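Novice: First the structure, then my questions, so here it is.
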Amino acid sequence: MPINVLMPALSPTMEKGNLAKWLKKEGDAIKSGDVIAEIETDKATMEVEAVDEGVLAKILVAEGTADVPVNELIALIAEEGEDPGSVEAPKGGEAKGEAKTAPVEPKGTPDQNAAPDGAHASYARVDQAPEGAKPNGAAQPGASGGRVFASPLARRIAKQEGIDLSAVKGSGPHGRVIQRDVQAAIEGGTAKAGAAAKPETKAATPAADKPAPKAAPAGGAPAGLSLDQVKGFYEKGSFEEVPLDGMRKTIAKRLTEAMQVAPHFYLTVDCELDALMKLRETLNGSAGKDKDGKPLFKLSVNDFVIKAMGLALTRVPAANAVWAEDRILRFKHAEVGVAVAIDGGLFTPVIRKADQKTLSTISNEMKDFAGRARAKKLKPEEYQGGVTSVSNLGMFGIKHFTAVINPPQSTILAVGAGEKRVVVKDGAPAVVQAMTATLSCDHRVLDGALGAELIAAFKGLIENPMGMLV
Amino acid sequence: MSETYDVLIIGAGPGGYVTAIRAAQLGFKTAVVDREHLGGICLNWGCIPTKALLRSAEIYHYMQHASDYGLSAKEVSFDTAAIVKRSRGVSGRLNGGVGMLLKKNKVDVIWGEAAIDVAAKGNEPGKVTVKETKRAEPPKGAKGAGTYAAKHIIVATGARPRVLPGIEPDKKQIWTYYEAMVPEAMPKSLLVMGSGAIGIEFASFYRTMGAEVTVIELLPQILPVEDAEIAGIARKRFEKQGIKILTSAKVTKVEKGANSVTATVEDDKGKTQSLTAEKLISAVGVVGNIENLGLEKLGVKIERGIVVTDGLGRTNVPGVYAIGDVAGPPMLAHKAEHEGVICIETIKGLHTHPMDKGKIPGCTYCHPQIASVGLTEGKAKELGFSIKVGRFPFAGNGKAIALGEPDGLIKTIFDAKTGQLLGAHMVGAEVTELIQGYVVAMTLETTEEELMHTVFPHPTLSEMMHESVLDAYGRVIHT
């Protein structure tokens, strides 16, 4: 009987995730501990480890599939002696019904939203999960609390040579790290504890004994200078070393990737704010009060910016789109992310259907998001997706800056401070309230003219804000 | 053409039949071809029947020394024919067992001499022609001569005694293991050429049964693959039993008389002597059976009589595989079995690794027994290891004393740097049953620490294995 591979849960609250990548093909031999797929949520990529041996007989959910529900049957493994060709998916979701997943706690971080990149999960087996919380695949390090399975000799050599065992891919039974693996790591120069290692060494690594730090370079991108190289530039004792948390690693990885993968170009406009400031004052003044006497809303300039981006995207539908490998995904509604700085990092919660929501709704949603972002209480689905983002550094007095696109989005708007400026109006100098906004565009999706059209629509809405009320 | 098999294995020795059963377990339609006997040399003319003979010798030895144990046995004697009959019976019984195992696993047995006509190409299976042979009666239910198609063809044809020119066995005065296993009468005197496992086991057997035995070894050490210290201890024991041993000695000429054979033996200084005995056993190793299989025609790469494989059983010709003796040393049954399993699992697409030949144990069932695994002390030094050596004598072990077996040694060799168990070497009673403890330890890659932490039952011979490890680290208790 084939083994069902189910969509694993990254956190107890996770309901779905994206099947980012299959690392094994149909027909590949699978041994326990092999990483067979990568599952993505916005803040984390999780490797799915096999707990069984056999042959990957069928992939039932193609890579790149978004929002795959937890416990969905994603693949079948033919057991030893079974003909992979004859393996068939069970009919009518019977697997789903019985499935019990052992929730995989993200390791190394108490915050489930900021699960470290490179977390591991092993999938649940339908035929192996009796009632109750029997740990899934007891011998699976990934699922059972961070033990690295390694032979005593491998451990001793690793210790003597300063090899981080958690960064060594085990080739022994059930992925056990054995002497030859450690020797290969020494010869390959990878996996030195504390030093940057090649990204692939993190694959199939059973969970670490230690919390977050893995041998993979923070961010998983080309490592750049090694730790020792960097340290070599500075006097000893002149710095303290700050370990990376999951959020920092994710930011490093995703934004490095964005700059390398998405060709950026930048469009800058000045927007006059006099009309907007006036409207804002009027609207805030007209806000009703709740039973405690507090106003029901208090609109910020940023709330107008969010709404204006949302509307602009629907007015320039070609720009309301993201790149997806071999195609472009174009959206019906505008989803606008808003960068919220928090201690040690940032979150980008997404205002859904920003084009349709009223300013007061957007404003109140943002207040809730900002508060929960600072408390790190956002749910993954609240910061996933989005077509564009707004990053506003106006409150720091920044006049102009450019922002890095937050994948998989295609644009990001960098908003500067509103200030009094002298401009030429009708041939004479005039004082106006103005701000500078710069749109970063992914050239794969937007060409210059299209980007210009989008930011022109935005500027039009900001300068004629009544358009946002109807 | 009658059948198309997924896997066809040529040779039903320990490598072949074990591979066949594993293939069947993996869901392959499997056949195994043999021309003479299920179970191969091992079961019919090697490992197993010699153990039966040696058991008779052992009991005879105990009966002769009954008074050591407070017993009396008078007029102790033996019946050569009965000893041989028992040995053949043991082989026959196991031979039938192999047939049953193959049947149970639905492996087809094809009887005859096989040659590969073509290897599989694309979707076309390979072809094997099996010719009738008169060597032995086919087992019940076996298929006969014909052409058979198979996607994967595994050569597991084993080996035969090496023949030195001028010393060709004649089955009368000059024996190989075949004749030595079924003597009509015990020879009064015997020359044994070669002191590997086969030569030493026969020397030990015939000496115990009363023959004057002389062992002639070309190299300076008997049991040349064993640790020098262990081989030295064994040599002293053999000589004490009355076996004459000539090392660094070469048989340059053999002359046959009516009922005798005379060997001219030259030592390393060029000095010659003549030795005459009733029989001479030629035990100078074995060579792989690679002929008449069609391998040359297919272009299968062969180097110095060994089919070249990638360590997973694959030859340079797709669809043709080789395991066991034909695929190179050590030519041991357990190596062939393991290699066969790796080969078939590789064909199945399972995750496999080439066998680590450094962890294959070796056993010699003379009296005293010899068993070893891994590097000898000399080899470890030669490879540049800084080593720690532990030794524990049988004289310090309660169970050994109680058994009346106070002679022997257990020696362990560790890498001083990592604590890796590099080798273990034993001589003494029952050591062939002890060695696998160290083999497991090596396979699991334990260091001295885990071995020290392991509880060994008392009173057993195995306690010496613990003590030897302790000794390597200066912690031995009982010496």
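Along the chain as shown, residues are numbered 1 onward.
Glycine is treated like the rest: Cβ placed from N, Cα and C.
Okay, so TrEMBL annotates it like this:
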DOMAIN    B:5-340  domain 'FAD/NAD(P)-binding'
DISULFID  B:Cys42-B:Cys47  disulfide bond
BINDING   B:Lys51, B:Asp325, B:Met331, B:Leu332, B:Ala333, B:His334  FAD binding site
BINDING   B:Gly194, B:Ser195, B:Gly196, B:Ala197, B:Ile198, B:Gly199, B:Ile200, B:Glu201, B:Glu217, B:Gly285  NAD(+) binding site
DOMAIN    B:360-468  domain 'Pyridine nucleotide-disulphide oxidoreductase dimerisation'
ACT_SITE  B:His458  active site, proton acceptor
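Please go over these features one by one and say how buried each is and what sits next to it.
Specialist: All protein chains included, B:Cys47 (disulfide bond) registers 21 other Cβ atoms within 10 Å of its own Cβ. Mapped onto three states, the DSSP output places B:Cys47 (disulfide bond) in helix.
Less than 8 angstroms from the CB of B:Ala333 (FAD binding site) sit B:Gly13, B:Pro14, B:Gly15, B:Gly40, B:Cys42, B:Gly46, B:Cys47, each of them six or more residues away in the same chain.
When Cβ atoms from all protein chains are considered, those within 10 Å of B:Ile200 (NAD(+) binding site) total 28, not counting its own.
Mapped onto DSSP classes, the domain 'Pyridine nucleotide-disulphide oxidoreductase dimerisation' (B:360-468) shows 40 helix, 34 strand, 35 coil.
The C-beta environment of B:His458 (active site, proton acceptor), restricted to residues of the same chain at least 6 apart in sequence and closer than 8 Å, consists of B:Gly398.
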Novice: Max Cα distance spanning B:Gly194, B:Ser195, B:Gly196, B:Ala197, B:Ile198, B:Gly199, B:Ile200, B:Glu201, B:Glu217, B:Gly285 (NAD(+) binders), Å?
Specialist: 14
Novice: Going along the chain, which residues six or more apart from B:Asp325 (FAD binding site) have their CB under 8 A from its CB?
Specialist: B:Gly15, B:Thr157, B:Gly158, B:Ala159, B:Val286, B:Gly288, B:Asn289, B:Met331, B:Ala336
Novice: Excluding B:Gly194, B:Ser195, B:Gly196, B:Ala197, B:Ile198, B:Gly199, B:Ile200, B:Glu201, B:Glu217, B:Gly285, please set out which residues of the same chain place their CB within 8 Å of the center of the CB atoms of the NAD(+) site, keeping sequence order.
Specialist: B:Val192, B:Ala203, B:Leu223, B:Ala283
Novice: For the FAD site as recorded (B:Lys51, B:Asp325, B:Met331, B:Leu332, B:Ala333, B:His334), determine the largest distance between any two Cα atoms, in Å, rounded to the nearest integer.
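Specialist: Across B:Lys51, B:Asp325, B:Met331, B:Leu332, B:Ala333, B:His334, the widest Cα separation comes out at 20 Å.
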Novice: Taking the Cα atoms as reference points, how far is B:Leu332 (FAD binding site) from B:Gly196 (NAD(+) binding site) in Å?
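Specialist: Approximately 12 Å lies between the Cα of B:Leu332 (FAD binding site) and that of B:Gly196 (NAD(+) binding site).
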Novice: Whole-number Å distance between the CA of B:Gly196 (NAD(+) binding site) and the CA of B:Lys51 (FAD binding site)?
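Specialist: About 16 Å separate the Cα atoms of these two residues.
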Novice: List the residues of the same chain that sit at least 6 positions away from B:His334 (FAD binding site) in sequence and have their Cβ under 8 Å from its Cβ, in sequence order, or write 'none'.
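Specialist: Once residues fewer than 6 apart are set aside, B:His334 (FAD binding site) is near B:Pro14, B:Ile360, B:Pro361.
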Novice: Excluding near sequence neighbours, so keeping only residues 6 or more apart in the same chain, what lies with its CB under 8 A of B:Ile198 (NAD(+) binding site)?
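Specialist: In sequence order, B:Tyr177, B:Ala283 meet the Cβ cut-off.
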